[in-house]
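For reference, the structure discussed in these notes is given below.
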Amino acid sequence: MESVLLCSKVVPRGTPLERSRKFSFRHLNKHLKCNSLPAASRNTPSLRSFEAIKGPSSLRFAPSPVRKGLSFLPKCSISTSTVSDSDNPFVTKFRQLVNKVSQLKVKPLDAVKLTLLLSVLTLAAKKIATLVFNPFFWMYFSWTWLFWPWFIALGLAGYGVYCFRKHWLGEANAFEQLGIVTSVFTWLTLVPPAYFNGYLEGWPFVFFLAYHYFFFFNVSVRKRLYGDYYARNHDPKWDVDTPLWSRVLFGVGVVVGHWLAAFEGPELHRLPGGWANVGIWGLIVVTMLMHYDSTLYLARYSEKVVVPTDVVQFGPYRWVRHPIYASAMLLFATYCTALRAPLSLLFLVAVCLVYYSKKAKMEEELMVESFGQRYLDYADKVRHKFIPFVY
């Protein structure tokens, strides 16, 4: 085992050297050439016990016998090699980086911002990589077992309120209108079962997508007829709306009905699967087709999709007079059926019947005013408003 004494400005204690012949044990300092030591320094008490052995490249000193208890004999040598900063690869790379930054004329504040950004991105990449290779992540956040992230639900609700405010002022764009719908359907189909179960599985995801598809049928009909998604200006008398308090109560009733369904139904993992759900899938398909056909036939016999030009008696209108409202009721009933919540189903159907009956009455009065005996004959032919052969 040898240790190399490198030249520096630090002088070991008790070792007087010439001004230009100084060395130390610091291994990262520059190697200065030291050919020999003066005779006076050899006679010092610190070096008196060493025997100088001259070599072609360095001076070696054999140590005197060491104290008892040491298992090795230390040796030391004075290196004559020299190393400059230009030979250090780390210093060279650093200087190249400094030159590039100076050429870009980056301000100190921008450099600090860039450094912080790179640090955050590096930390995020490390966390993501750790998460991706963590088997517990795939176990808990798979598509069948998802622990509900409440911060996302609350954030989406806040964004929905913000978008609704802009919609109320007539300033919401298409994306903000989609934000309203998504936030509402999240708190109807996903949040209630997640709250009562602690996780989500199966049917809530299906109905979250089905609700989106269902309530965007009128937009798809505009695209099919006019080539875009925007509503047209029309006679405002056809914008039939019930009083504000009635619409608010209807909305509250729908929300309460969905939460009751999640509370009433069994735990999600206890719901039967396989062929037991074929009937529910059939109801979903019937609901979608009924709503789409109703909207399409009404739009074909209407001006600008909203103002009717004739009494529609085709498609679902052969069975009930208001198939669009009936399809909405059927969608809510299918949701309660999927969650095995019969009492909630009855509650939601009752809420819809009360609200839609009042709105349908206002629309039929307007149809009689516009088409007279033709609509009365249609009403005598198709006696049921919402439920075929029942009501």
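Each residue's number is its place along the chain shown, starting with 1.
Yeah, the Cβs are placed from backbone N, Cα and C, and that goes for glycine too.
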Among ranges 117-136, 177-196, whichever one TrEMBL labels transmembrane segment: 177-196
Whether the transmembrane segment (202-221) meets the transmembrane segment (274-292): three or more C-beta pairs under 8 angstroms: yes
Tertiary contacts of the transmembrane segment (177-196), as residues 6+ beyond its ends and Cβ separation under 8 Å: 148, 153, 156-157, 159-161, 163-164, 167, 204-205, 207-208, 211-212, 215-216, 254-255, 258-259, 261-263, 265, 268, 335, 339
Sequence-remote partners of the transmembrane segment (328-356) [C-beta within less than 8 Å, at least six residues beyond its ends]: 189, 193, 203, 206-207, 210-211, 214, 242, 246-247, 249-250, 253-254, 256-258, 260-262, 264-266, 271, 277, 280, 283-284, 286-287, 290-291, 322, 385-387, 391
